[in-house]
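Here's the structure, in structure tokens; my notes come after.
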Amino acid sequence: MNGLFITIEGPDGAGKTSVINELYPRLQLIAKKGIVKTREPGGAKIAEKIRQIILDPKNEEMDERTEALLYAASRRQHLVEVILPALEAGKIVICDRFVDSSLAYQGAGRRIGMPEIRKINDFAIEGIKPEFTLYLDVDSDTGLKRIENQRKGPADRLETESLEFHQRVRHAYLKLAEEDPVRIHKVDARMPLTDVVDASFTAITEAYPQFF
Ligand code: TYD
């Protein structure tokens, strides 16, 4: 693959969306072969439809393995339609969430177990993995308070989970970051937004100078 696949991960309330919204235009100005910003679940027509089913708070009866399979299905479609063509064209892809989200939320949060989640995702991604992952770390209390304060519409099905659920998600992320320090770059997301964006920008541009 010619391009550079970057993912951004973090628990709810880490500020991923705000960070990407500031980081992306800065990277766009200097990316030699272009950069594509996308997100999961969603990022393509079929994948966005699956997103609506997964996040709809009315879908109370959803089985947790169904949920995990839907995330993997949405990921597959998004990978084929959006991520792979951009990487093949030599672009940088910056994706809001990927397999690590499923490992943390479904594997640990829902307690399905990371090995089971890895298996279904291996089927979905066929070996395509991010080269670099920015992990925005925030404790669950701070994260959940931020979501409460910033919420515009109703909470989605994942946000309404308990504090314990969100703590399991965060611990799983910390474990993943500890196990793979080369790929996963941890940033303290309790810092002011501009500091988080600066730290993220520096980490990416210093790791891959050939793309900028
Ligand atoms: P979204 O509104 O995109 O939240 P955020 O801005 O925090 O990324 O909703 C995505 C939700 O889906 C979020 O709570 C995390 C969850 N999720 C999973 O549980 N598993 C996954 O594989 C992915 C991609 C997301």
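Backbone N, Cα and C atoms are what each Cβ position is placed from, and that goes for glycine too.
TrEMBL has this to say about the protein:
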- 8-198: domain 'Thymidylate kinase-like' (DOMAIN)
- Gly10, Pro11, Asp12, Gly13, Ala14, Gly15, Lys16, Thr17: ATP binding site (BINDING)
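All features noted in TrEMBL, drawn onto the structure.
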| residue | record | Cβ within 10 Å |
| --- | --- | --- |
| Gly10 | ATP binding site | 26 |
| Pro11 | ATP binding site | 30 |
| Asp12 | ATP binding site | 21 |
| Gly13 | ATP binding site | 23 |
| Ala14 | ATP binding site | 26 |
| Gly15 | ATP binding site | 21 |
| Lys16 | ATP binding site | 23 |
| Thr17 | ATP binding site | 11 |
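Apart from Gly10, Pro11, Asp12, Gly13, Ala14, Gly15, Lys16, Thr17, the ATP site neighbourhood in this chain, defined by C-beta within 8 angstroms of the site C-beta centre, holds Leu136, Val138, Gly143, Arg146, Ala189. Reduced to three states, the DSSP call for Thr17 (ATP binding site) is helix. Contact annotation for binding-site residues (Asp12, Ala14, Gly15) versus ligand 1: Asp12, each with CB under 6 Å from a ligand atom.
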